[in-house]
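Trainee: Residues annotated as domain 'Major facilitator superfamily (MFS) profile' in TrEMBL: 16-473. Look at TrEMBL and you will find 62-85, 92-111, 123-141, 153-174, 186-206, 280-302, 322-340, 349-370, 382-405, 417-434, 446-469 tagged as transmembrane segment. Residues or ranges marked as region 'Disordered' by TrEMBL: 502-533. Annotated compositional bias 'Basic and acidic residues' per TrEMBL: 508-520, in sequence order.
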Amino acid sequence: MKGTPREVFNWKLVFATLSAAMAGSLFGFDTGNIGGIIVLDSFKKTFGLDANGPNAYQAAGLSANIVTTLQAGAVLGALFAYILADRYGRRAILAWGAAVFLFGCALQLVANLEMSGCLYAGRLLAGIATGLTSVVSPMYISENAPKAVRGALATCFNLIILISLSIAFWINYAMSKWSHTSDRQWRIPMGIQMIPGGLLLTGMLFQRETPRYLIIRGCQHEAIHILARLRGLPVDHPFVQSEISEISQSVEEEQKAVAGTSRRSLLKEMFVIPRNRRRLIFAAILQVYQQMTGTNAINYYAPSIFASVGVSSTTATLFTTGLYGIVKVVTTLLYVLFIVDNVGRRRPLITGALIQAVCLLYLAVFVKIAHPGNDGISAGGYVGIVAIYIYAFGWSFGWSVVPWVVPSEIFPNRIRALAISIVYALQWLLNFAITRATPYMMLNMGAWAAYLLFSLFTFLSAAWAFACFPELKGRSIESMDVLFQESLMTMRKRAYENSAVSVASEPEGGHEIEGRHSEKALASVEEEGFVSK
């Protein structure tokens, strides 16, 4: 923070950051809410999922449909987020996203068995809003943030997701102690998520567009006045003048890179040029392995997951789920504060995956051998609960963040925005697929087989990271181009050969250049935004 005037750290910056970060609660509250709501007796009765309703297979299908409709909408929202944000502005998309989310929540609240279409329509609209805001919110935060605290402020979005996830878990636990026959048991927690949606909408009404977007639109005069207001400094202050000059130069460079091209030609360039195609495949592999660790299966169906290890009552499963939410918040905070800036990309992936895989393997073996039921929790069941919490730690350490950092490091400026938009949409699509399949896996294969499948994929992800994933921290754009000239199978070996040559021939001060690139790449992540669940 050296060289940054203390006036820069003011309440206007905090207010702008928290207003936009509330978008994280749209995703966090729903993720924590819906898995607990669908196991509440009142919800089952309302939508015919109780003992008088469909058989187990049909009930699993209905539950999966209800949960995953939101992710289906999020795929669309994320895919078009960059186009809409560039055309209408970051602030406008966040405000409209909040309004659409509130309307979607209202539809869900009035739904019943005869009006189940309202439930699905509401979740689809809420999903579109969630997909849009999950991309645009980190973008808005980072474009407003000064360099000195950009990384810290960018994490606010992710922390809001986890905090709201944990709060939603505990709300479901509290409501499980409500009367088992009242609709309010599930309508209240579903309605509470309108509060953060309303806070997002209200907050954005008091905010301005980002200086970066205004410069893109040619509004230089307005941009410098808004930047000065955010920094709490006069327009003619050297710090404001220097920052607006840097933003203008960055925008000019990006516009030159894509001058005379259409999105269709950039899309073709991404798939036809081998090194760009390898970049996209590399980023896609990261997203596949991230989802196949099973994290979203646990997030959405946590009560059922805890029930599978012997936690018998609905209230008890929701209580252990609440503790799971707290573990995720605490471990992510520890990662952000003490780990993220001190290690590279490769080691966290390997270590985190191994921790997750071992925990999942234990769950698979225990459930297969012990057949836990409703007779209480055995000693092995308590170990299983602890294993789920340790699993959350492994997730926060490795696969939570790295798959979102890497795309902004490996794609060149010319295709970066389009590529990351595709990667985000793929992530939501995979989220949809895994969440949709989980109830069927639990029912048809058995919980132990589902855990074993996730464990094997997670071990495989560790092996892939060990064999094929080169350390990317500190590499220049030029070295990335050389790196992706190689096949994905031989890239890691050649990466260290190239690195050795580069270091041997590098003039004094070369490492400083590489370090600056690493900082620039991380700043790119913050500008583009990423979601960690």
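Every residue, even glycine, has its Cβ placed from backbone N, Cα and C.
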Trainee: Taking the transmembrane segment (349-370) as the reference, which of 62-85, 92-111, 280-302 gives the largest number of Cβ pairs under 8 angstroms?
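Mentor: The stretch I would name here is 280-302.
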Trainee: Please work out whether the transmembrane segment (186-206) lies in contact with the transmembrane segment (322-340), by counting C-beta pairs under 8 angstroms that are 6 or more apart in sequence and asking whether there are at least 3.
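Mentor: No, these stretches are not in contact.
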Trainee: Other than its close neighbours in sequence, what residues sit by the transmembrane segment (123-141), given a CB gap under 8 Å and a spacing of at least six beyond its ends?
Mentor: 16-17, 20-21, 23-24, 26-27, 30, 66, 69-82, 84-85, 90-91, 93-94, 97-98, 100-101, 103-105, 107-108, 153-154, 156-157, 200, 210, 421, 424, 428, 526-531
Trainee: Based on Cβ pairs under 8 Å, which of the stretches 62-85, 92-111, 322-340, 382-405, 446-469 lies most in contact with the transmembrane segment (417-434)?
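Mentor: Per the Cβ count, the answer is 62-85.
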Trainee: Please indicate, using numbers and ranges, the residues of the same chain that are 6 or more beyond the transmembrane segment (92-111) and have a C-beta under 8 Å from a C-beta there.
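Mentor: Apart from its flanks, the transmembrane segment (92-111) reaches 20, 23, 26, 77, 81, 84-85, 117-119, 121-130, 132-133, 136-137, 140, 187, 190-191, 193-194, 197-198, 200-201, 204-205, 209.
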Trainee: Return the stretch with the most CB pairs under 8 A relative to the transmembrane segment (280-302), choosing among 322-340, 382-405, 446-469.
Mentor: 446-469
